[in-house]
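I'd like to ask some things about the structure below.
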């Protein structure tokens, strides 16, 4: 994987000139000048997903120049490096192989001279056996009752991914009730424990090292709560399992290491739902549906690794994102799923993107002088329309948006889905084409009103349009299509990081706050005034101590 400053390439210089030509061209003009624009700027994946990127401020020349940038920064080489098991996470000396976890073709993937697939398959088989015992009721709690509730205790990648997927696949769920606890705020675990019965609850403690502060604090609180009823510590083994590699700490906690599900250092946290971290997904929707999720992701992996860049969906979306972020100065991207089950999708890729590409140091160790990762945010439609779409339509910020919707709903209730999708289609049209002053005035005339008498209102009803969007229309949200969609975004993130010459798979930015919190924690143990920090931090700590007394 080469270290190439993208701004020093001839393609970047060409894109700068091209931007000067494109900055005042409107999406409306692009459509008016090309009746085949949709056909040229859209593509389908496996007849399950249509990606329409025609409502963007791009031409074929734009894409060609962006593809030149990908070539000059050796994106193809970076893709090969990842899939071949090269240690592309150089700051931690690790391979990056979440693709191995869903390698359904089972072709060998070599890390340090060893094929990782036998171990991957062994853990999958172990999860299958365990989950079937829980789901069938064969596994009994300490009083002989079957498990009814599962509580996943994790944070970051050990929480966001499984929670997002179990919500997205709720139509496929079985009888088990799923709960997720992440925040070290005691309120989170306390509220979940109010809902469950210690006799019928299984806790999954998801921490690779079994030392994560938030996770272990919650796990010990759950254990204490459980033992208040169960009494004997030997019963912990019937109600706790671990997603970890620290067998010693797992055993000391009271968990049978036979119920410890391992994963590897080449699995990054925010790419770990495909690993043992996905056990909560299996317990929610069953092993077969989890395999379908893996299969969908594997299909997208094959598309990404074998399809020419000009037709490669993750690459195309990544390049368009770089175009807006670095040339138009767009700082954010909104992910807007028109499906209530997908309500955690934007939050999941907020972590996926911002923790991956939120870096200001390039792979050479130098501060960059260009934009790297964007701010990611979003909410389900149509809720967002009544919240923040005002700014997207008429604000002063450019916010490129991804609209996502299924053609087939899991809940065909009356005409709800037609109304939902009518909004999905309408919003991208409105954002692209807007509404001119002439149209506003004509609407007044059609209503029998004199525009001249409403001159003071007319400017406020004008929509400039020219707001870029991608539309991702799925046939239906199934385990397979969801797996493919997640992998699409994962590879988009990787592509941008590779081109922008940053390390996508470390996250040193989370460490400093942890270090300082560990230093401050002992200072909160008494009522002494603190003076060892800056005046602001001292003032905050001392006021906290005064108010808690």
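In case you wondered, yes, glycine gets a Cβ from its N, Cα and C as well.
Here's the feature list from Swiss-Prot:
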ACT_SITE  355  active site, proton donor
ACT_SITE  386  active site
ACT_SITE  514  active site
Compute the C-alpha separation of residue 386 (active site) from the residue listed as 'active site, proton donor', stating it in Å without decimals.
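That comes out at 29 Å between the alpha carbons.
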Hey, what's the Cβ neighbour count for residue 514 (active site) at 10 Å?
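So the number of other Cβ atoms within 10 Å of residue 514 (active site) is 11.
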Which of 355, 386 has the fewest nearby Cβ atoms, counting only those within 10 Å, among these active-site residues?
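Lowest Cβ count within 10 Å among the active-site residues (355, 386) is 386.
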If one measures from the C-alpha of residue 514 (active site) to the C-alpha of residue 355 (active site, proton donor), what distance in angstrom results, rounded to a whole number?
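Distance (Cα to Cα, whole Å): 15 Å.
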